Amino acid sequence: MKIGVIGSGSFGTALGSLLADKGYEVTLWCRNDSQIESINRNHINNKHLPDFTLPEKLTASKDLRTVVQGKDMIVSSPPSHALTEILREIKEYLPEKVPIVSASKGIENGTLRLVSEIFESELPGKYHSYLSYLSGPSFAKEIIQKVPTIVSIASRSETTARKVQEIFSFLYFRTYWTPDVIGVEVGGSLKNVIALAAGVSDGLGFGQNTRAALITRGLNEITKIGLKLGADPMTFLGPSGMGDLILTCCGEQSRNRTVGFRLGKGETLEQILSGMNEVAEGIKTTQSAYELSQKLGIEMAITNEVYKMLYEDKNPKEVVKDLMKRDLKREGVLV
């Protein structure tokens, strides 16, 4: 089986490494010449995962057509803001009747489209039943280290979901399939916004009580917007919901939590981003999530405060203070 992976960041590389470990022939799309040479000659992604040796069956190419054309499965893992442009480029030579697996997370700025909506808008209908979406608590480094990991595979087609589930499942990587595409996407996108808030809390020196509060109320916000969009609420208790939320809010490898932590310590967003090698999706997603909540008429207090901190220069200390001063409410999933 030949597999093309679009995106040579840490997560795309980790998924490619997993599939190559299973014996599949994997080609990774990469824009950087030195990175391509390092992967092909030394089996190391020198830009994103310099401390790990990659399988010999994983190679890299700068030619997107070479990566995609004639493959038996496509894995798409670019930053969500780059997805539309990439799909418009590849749809002329994208193979038909093969699984297309998206691992991108986010809500497109301006259009407010989920990743599935981008795929279904940009690709002809003949591809739609072959689309699936992978999400769950899975740091790239730990996948490459073969740490036991679980994720969700969502697809509107059970046949596609089960096929992708079988291809990805391995000794250290277990997958659960679900038809709830919207729920998996909403959980995977909005957890990054909540992780920014959790990082701010840690950076300000608050304790685990505060982090637990943010995770709990963050899940409430994710569930509210998910239900409004038609998701199954049970999805948010699974790997792509609570599982990913806990990992991203608590794990030291979390880019979004790290950005929040540094903001809490007093750095500016510009200072933080200037030294980052990977994309923190939560920054762009916060803007889209805020606009989507306004459009749908849903109160999302944590998201609103993170938005004010990122885009209106609100002091992180004031963010936490204002969250604690909100009107008292009855406990419940949707309040």
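Quick reminder: no glycine exception, Cβ is built from N, Cα and C everywhere.
Per Swiss-Prot, the feature NADPH binding site maps to SER10, PHE11, ARG31, LYS105, ALA140, ARG255, VAL279, GLU281; the stated evidence is sequence analysis. For ARG31 (NADPH binding site), the same-chain residues that are 6 or more apart in sequence and have a Cβ closer than 8 Å to its Cβ are SER8, LYS62.
Look at Swiss-Prot and you will find LYS105, GLY136, SER138, LYS191, ASP244, SER254, ARG255, ASN256 tagged as sn-glycerol 3-phosphate binding site, backed by sequence analysis. Around the Cβ of SER138 (sn-glycerol 3-phosphate binding site), the number of neighbouring Cβ atoms within 10 Å comes to 22.
The Cβ of LYS191 (sn-glycerol 3-phosphate binding site) has 33 neighbouring Cβ atoms from other residues within 10 Å, across all protein chains displayed. Sequence annotations record features per position, and here Swiss-Prot assigns active site, proton acceptor to LYS191.
In this structure the C-alpha atoms belonging to ARG255 (NADPH binding site) and LYS191 (sn-glycerol 3-phosphate binding site) are separated by 12 Å.
For SER10 (NADPH binding site), the count of additional Cβ atoms within 10 Å of its Cβ stands at 23 [all protein chains shown]. When the binding-site residues GLY136, SER138, LYS191, ASP244, SER254 are screened for a Cα within 10 A of the Cα of VAL279 (NADPH binding site), none qualifies.
Ranking the binding-site residues ASP244, GLU281 by other CB atoms within 10 A of the CB puts GLU281 at the bottom. Of all the binding-site residues in the record (PHE11, ALA140, GLU281), the one with the smallest CA separation from ASN256 (sn-glycerol 3-phosphate binding site) is GLU281. DSSP assigns SER254 (sn-glycerol 3-phosphate binding site) to coil, not to a helix or a strand. Applying an 8 A CB threshold to same-chain residues 6+ apart, the list for LYS105 (NADPH binding site) reads SER80, VAL115, SER135, GLU185, GLY188, SER189, ASN192, GLU281, THR285.
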